[in-house]
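**Q** Here you go, one structure.
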Amino acid sequence: MNTTLKKIYNVFFSLEVAVILSLIFMAGQIYATLGFNTLQEAWGGVYETKWFEAIMWLLGINLIGVMFKYKTYKKTPIFILHLSIIVILIGAAITRYFGYEGTLHLRNGETKNYIMVERSKANPADVYKKDLGFSIKLDKFVLKHYPGSMQPSSYESFIEVIDKNKSFKYHIYMNHILVYKGYRFYQASYDMDGKGSILSVNHDPGMWVAYFGYILMAIGFLWSMIYKKSRFMMTVRKLKQSGLFAFLLFILFSGVNARAFDLGEFAKKSKTVSDEWAKVLVQQRGRIEPMDTLDLDIVHKLTLKSKLYGLNYNQIVAGMVAYPEEFQKLPLIYVGHPAIRKLLGIEGKYAPYNAFFMPNGDFKFTKEIDKAFKIPDKDRTVLDREWIKLNERVYIAFEVYTAKIFKIFPTPNSKMMNYRWFSIADLQNAVKSGMMNPIDAQFYFNLFKNLADGIKTYNVELEKKTREKIYELQKTYSGEILPSESRIKWEIFYNRAQIFPMLIGIYSTLGLIAMFLGFFEIIRQKRFKKIETLIVGLGWLALILHTANMLLRWYISGHAPWSDAYESIIFIAWGSAFASVFFFRKSMLALGAGLFVAGMFMMVAHLNNINPQITNLVPVLKSYWLLIHVAVITSSYGFLAVGGMLGFLNLILFAMNKKYNLENQIKQLNNVIYLALYIGLALLSVGTFLGGVWANESWGRYWSWDPKETWSLISMIVYAITIHGKMIPKLRGEFIFSLLSFLAFFYILFTYFGVNFYIAQGLHSYGQGVADGYGWVNILFAGMGAWFVVVLVSIFMAISSKISKPVVIKEENKNNDYHPQGENNGM
């Protein structure tokens, strides 16, 4: 091999080129998610292009060469970990070149022996017929809803497979698929009349290869964490020697207004009677819940608080029911924009309900709100979004004052109507339509009047007896769907305890104290162990309280508490607190950083735009694979958040280094950062691919380049580069590693907040206009761009250095083990 070929070999099969190819791969994905309006456009513009395909091939070839050049096969777990990437790429290639997807649309009683297959993801309308070799008959399609709502609970296809030699019946529903002769049939959608089913069909010979790669990756990560020759364990040993680390096992309502109203008197005397009002069961969004929960939701949406004017949320709603005329004069509706406050003529942030209506009862701002709704979401200004929010708040108040929102009355034929309950505002229409007889309607109206009168007169006994009568009716006509008395009591306790909001202050305060103590100890070169023990103990108590409240929410809701935006952010905060208290409690800086990050995430979860309501799950989310996937991947955010915060703190130490000589502390903190990032990357990688398994078992596609999964992959690449930077000359310094660790977390922030609330497209999105103005996105872009530039410049400097130097053939050492630049090459 001549010198030129050796140089090409030496450069191409290098970590620097691996990073360059990874950055190009990342850039393509970023362009696909941000540069196109739809996923179909992204497929045509990036994912199905030859250059994107070529990058993946080059990455695979480079990885194989690097593995053998650096002899990773000498370290089995490291070899398995890197081999898993090759296996996943092979599975993806088999899927790309030999797999195909289609749809099977059947009406009740219809039989077909073919599917319609897409020629290209970029043009889903371009399809052709593909013979199955057997037939599928739809015997019956069943659409189920949550009680009293039109929200789907489940959609199911009862089919018959008809083949030459055999036929059999099968039941397909979300997360329960049919596998037959290499085809996988999934419940994807249905016809609007409820008499037809749409099945997605997948033929993917590469699936099991990719699955095998996922398994290898999990084994490789886990093994590398206990393998004594891995960089991970070497870092653990360094920290043990320094006394900064102790590594344990890895766990993963309107009444007659005849009484004069006094707000102060009402605040003092209505507490007990409003507690009885709060126990009334109500149907909301297909869920049966205590009035306490609905009251909290109402007041939170109206005021963005749970208390106001000395009234708790139950007293406020009870007052709106019992004294509608008085409460309509009370400033209860939050107005966020100064321009709207000026139009309303108010000085504070709250406006009374009456302020939104003219003397004749017409709404004042119909024109402004209609205009805001007509503007596409991406073009709406902050003012437009505030008009839309204000419209919702005024309508909620309207529903309370008219009692339309309080659906508490079932009917004798409740079961035949999917357990639909009625409010007193529904009674007239229910009688007209024959769903309820006039006698029952009048009885129900009187019951509700008694509830209002009980509040007006502060008559707790009347309120309690009326509530019990209503409960007996509910139990008689809808007993099958009522929650247990225990669950009702615990839900009320959950609402009133407000443990999650309380943890904002606890975590943030503990975190700041711990970080201050850590810096103070560094400067004084002295440890204050009693204070450390106290902080760690309080951290454990906060984590236990957090865990218990999450389990309580799980019990109340009936599903794992990481199924929506609020819950997932709460879980990320838990992950940060867990990582810091369980793994990094020996370092006050690490502990404080983790607790402070947990407090910040808890604060974000309780921002005005995040909905903390307990809701039912859509069918596709009823999967144990989803439960595991979300738990693992959101746990990773906690570790990576700790690593990012510690990176920032280490940069501060660098600024103090010249005065206090903190080189040893900087190195030790970087070791802690490395462990946090490595565990986080392992959880992120395994969690991402577990998401692929969930997607495949739910709708037949383990990778679809959905923005969330794409950005998860981007984040994996970012952290892989950050960690491997210790093996590349221009990236291995302590300062660069701390800087990259801090900047890398901007990718995680965008993966969660940017994709869920800014891009707002795809299967994972929570986006509902919560990212007003999107100004915060620019900060994330700046952080991500800075990381990209630092890595890119460093890599080009490293490559230039390699090209300019003569090729030196190194002799193998006694162990026949090559360490580039004297560094250990194991992760």
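Placement of Cβ uses the backbone N, Cα and C atoms for every residue, glycine included.
Quick paste of what TrEMBL says about this protein:
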- 75-195: domain 'ResB-like' (DOMAIN)
- 562-759: domain 'Cytochrome c assembly protein' (DOMAIN)
- 12-31: transmembrane segment (TRANSMEM)
- 51-68: transmembrane segment (TRANSMEM)
- 80-99: transmembrane segment (TRANSMEM)
- 208-227: transmembrane segment (TRANSMEM)
- 239-261: transmembrane segment (TRANSMEM)
- 499-522: transmembrane segment (TRANSMEM)
- 534-556: transmembrane segment (TRANSMEM)
- 589-607: transmembrane segment (TRANSMEM)
- 627-652: transmembrane segment (TRANSMEM)
- 672-695: transmembrane segment (TRANSMEM)
- 735-759: transmembrane segment (TRANSMEM)
- 779-799: transmembrane segment (TRANSMEM)
**Q** Mind checking how the domain 'ResB-like' (75-195) divides into helix, strand and coil residues in DSSP?
**A** 23 helix, 65 strand, 33 coil
**Q** So, does the transmembrane segment (735-759) come close enough to the transmembrane segment (627-652) to give 3+ Cβ pairs below 8 Å, pairs being at least 6 apart in sequence?
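**A** The answer is yes, given that the two segments have at least 3 Cβ pairs within the 8 Å cut-off.
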**Q** Using Cβ atoms and a strict cutoff of less than 8 Å, what residues sit near the transmembrane segment (672-695) while being 6 or more residues removed from its termini?
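**A** For the transmembrane segment (672-695), the list is 88, 210-211, 214, 217-218, 221-222, 225, 231-232, 235-236, 239, 244-245, 250, 579, 583-584, 587, 590, 623, 625-626, 628-640, 642-643, 646-647, 650, 701-704, 709, 712-713, 715-716, 719-720, 722-723, 726, 737-738, 741, 744, 763, 827.
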**Q** Report, as numbers and ranges, which residues of the same chain sit near the transmembrane segment (779-799): CB under 8 Å and 6 or more residues beyond its ends.
**A** 11, 14, 16-17, 19-20, 23, 26, 718, 721, 725, 728-731, 736, 739-740, 743-747, 749-750, 753-754
**Q** At an 8 Å Cβ cut-off, counting only pairs 6 or more apart in sequence, do the transmembrane segment (51-68) and the transmembrane segment (12-31) clear the bar of 3 or more pairs?
**A** yes
**Q** Report, as numbers and ranges, every residue of the chain located at least six residues beyond the transmembrane segment (534-556) whose Cβ falls under 8 Å of a Cβ in that stretch; write 'none' if there are none.
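**A** Same-chain contacts beyond the ends: 487, 490-491, 493-494, 497, 499-500, 503, 506-507, 510, 513-514, 517, 567, 570-571, 573-574, 577-578, 580-581, 585, 588, 591, 595, 614.
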